[in-house]
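Asks: Can you read through this structure? Questions will come right after.
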Amino acid sequence: MTSAAASKRPRLITLSVALGLLLAGSIIFAVTFGPADIAPLEVWQTIAHHLGLIADSPVGRLRNAIIWELRLPRVLVAAGVGAGLALCGAVMQALTRNPLADPYLLGLSSGASLGAVAFLLAGAALYMPIGAFLGAAGAMLLTLLVTRLLGGATPSRAILAGIAISSLAAAATSFLIFWSATGDSYREILSWLMGSLSGSVWSDAGIVIVATLFVGLPVLLSGRSLDAFVFGDAAAATLGVDVARLRWLLLAATALLTGVLVSIGGAIGFVGLIVPHIVRLVTGSRHRLLLPISMLVGASFMIWTDTAARSLFAPRELPVGIITALIGAPIFLLVLLRYRRAT
Amino acid sequence: MSAGLDITDVSATAGGESILNGVTMRALPGSLTGLIGPNGAGKSTLLRATLGLVPTTSGTITFVGNDLPAMPRRNRARVAAFVEQIGANEAQLTAREVVMLGRIPFQSVWQAEPSPEDEQIVTEAIAAVDMSGFEHRQYNTMSGGEQQRLQIARALAQQPRLLLLDEPTNHLDVHAQLTALNLLRTRAQSGATVLLALHDLNLAAAFCDALVVLHQGRVVAQGAPQDVLTPALLRTVYNVDATLVSHPTSGRPMIAYNLPA
């Protein structure tokens, strides 16, 4: 009986293993892309050597450095950013009961950019993630407030509020850059603003992965409570969920994670929107399944969009945000149209 | 200490306006209690206050002696279930997954999948609302009536000893209305305390063991339907002219509205 009931949906274990393998394969193959020709086996040997799995690697010192110092950190940053953004998107969609919610569309990313740039230009580059978190949290509060002022939370109002707050934060960011940045730092900041993972090093990978797991694990455990939100706050409360506490905790967690991700990778749009929607087609809306699977899919998705960003027009590099927007904007329209038809 | 739901002298305000004004009423286990009254009388607020969803300014609400609004949420969710009026929903959940939500108060954070016991209870709840065979249909593609029945099943999956429902027969056709109320009456007869807000006075009279009449935030009458429903009360509370007749077979009161000529 039990197995018959569960048979309609894929199980968490099966899906996680399959997508975990896809992620591992994506990491290895993405590293082979680039000006120097590198084989998947060499990537594996290098990783295994550094992890202490094999004593002597047949890979030469130069190639070892290209794989381990140059390409792998960037691929891991991409994986962490993709997983984190997908998680933030899925959580925000559930909490605000808004299918269009996404850290980028609701203004969090622009707020985080503003906070990060402000800290950077004030000479506190080391504390950029904190500035980004403060910016993301501030933008989120403003968006929620403006949504309420517009007459209550409907998805289109929230998006309008998000656009307004985004534009405001972007204008403030531009002003700050115009006022204080010069020459090289100007170009660098601009490329980072559009969303770019170029120049990622191991410390970036460490920060992104630790933040994603640190925020992600408790959020994954609250998956069932998020399910309870599906019929609104009152329904969640009568199912035993402490609605106010959970909402603020999770919104703070998404602001924190968005802040960290933006401080490393810039404002990369639409990942948090697209990934959960695609995953939902397979897993349905149960968050116990949706959240971890979205993270895994988001990680692989980001690895390949970033690989495309640095390979398509090599040696020139596109900001990865342009690619995610190219894929994401049409999907955003589809979701919007479907929502319009349903109501 | 009473065995059922005891509401004593409860008042509530919203936006500075008094919504409930010294409400005292009781709903007993084993019986179906109907909460009636015109729009704005305070029915929904009273149900919500009972579950601690809206604050009260005075009075006590207890179930089997326990202060219901003050109970820890999760414990309360294992005792009391609520079916409210629900609008359109975009969730991509199957009928079975919706009913499974009722098991949330019983599941541990570390539990990855529902237990066999959860599955069993959900299967029974779906069967109770006559929806077996529709379990894997998408909830958002179903009719209002089907969704309403699933909401009742979701509440039943909580195995509540206290079941509160706000207009559970809205959106239902006549057959489904009778089926739903019959189901709730059966639940009551097996020992649960069931309190439901109803608009349709004839349905209330036909099914409920007791009626509580709210008018402008006050209880103006409570007791057996034949004692409560009088032409005088219907005129004062509902502003209608009606004659009470007896059902030819059950003997229950029926309301015949006298229309202006």
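Just so you know, glycine gets a Cβ as well, placed from its N, Cα and C.
Quantities reported herein were computed from a predicted structural model and do not represent experimental measurements.
Feature table excerpt (TrEMBL):
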TRANSMEM  A:12-34  transmembrane segment
TRANSMEM  A:72-92  transmembrane segment
TRANSMEM  A:104-126  transmembrane segment
TRANSMEM  A:132-151  transmembrane segment
TRANSMEM  A:158-181  transmembrane segment
TRANSMEM  A:201-221  transmembrane segment
TRANSMEM  A:228-244  transmembrane segment
TRANSMEM  A:250-275  transmembrane segment
TRANSMEM  A:287-306  transmembrane segment
TRANSMEM  A:318-337  transmembrane segment
Asks: Who are the chain neighbours of the transmembrane segment (A:132-151) in space, where the CB to CB distance is under 8 Å and they lie at least 6 residues beyond its ends?
Replies: 103, 106-116, 118-119, 157-158, 160-162, 164-166, 169, 251-252, 254-256, 258-260, 262-263
Asks: Determine which recorded stretch among A:104-126, A:228-244, A:287-306, A:318-337 has the most C-beta pairs below 8 angstroms with the transmembrane segment (A:12-34).
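Replies: Between the stretches A:104-126, A:228-244, A:287-306, A:318-337, A:287-306 has the largest tally.
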Asks: Take the transmembrane segment (A:287-306) and find every residue of the same chain, 6 or more past its ends, with a Cβ under 8 Å from one of its Cβ atoms.
Replies: 9, 12, 15-16, 19-20, 22-23, 26-27, 30, 74-75, 78-87, 89-91, 94, 197, 212, 216, 219-220, 223-224, 226-227, 268, 271-272, 274-276, 278-280, 320, 323-324, 327
Asks: For the transmembrane segment (A:250-275), which partner among A:104-126, A:201-221, A:228-244 gives the most CB pairs under 8 Å?
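Replies: Of the candidates A:104-126, A:201-221, A:228-244, A:104-126 scores highest.
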Asks: The transmembrane segment (A:104-126): which same-chain residues, six or more beyond its ends, come within Cβ distance under 8 Å?
Replies: 88, 92, 96, 132-140, 142-143, 158-159, 161-167, 169-170, 172-173, 176-177, 180-181, 189, 193, 254-255, 258-259, 261-263, 266-273, 332
Asks: Under 8 Å between C-beta atoms and at least six residues away from its ends: which parts of the chain pack against the transmembrane segment (A:228-244)?
Replies: 94-95, 97, 285
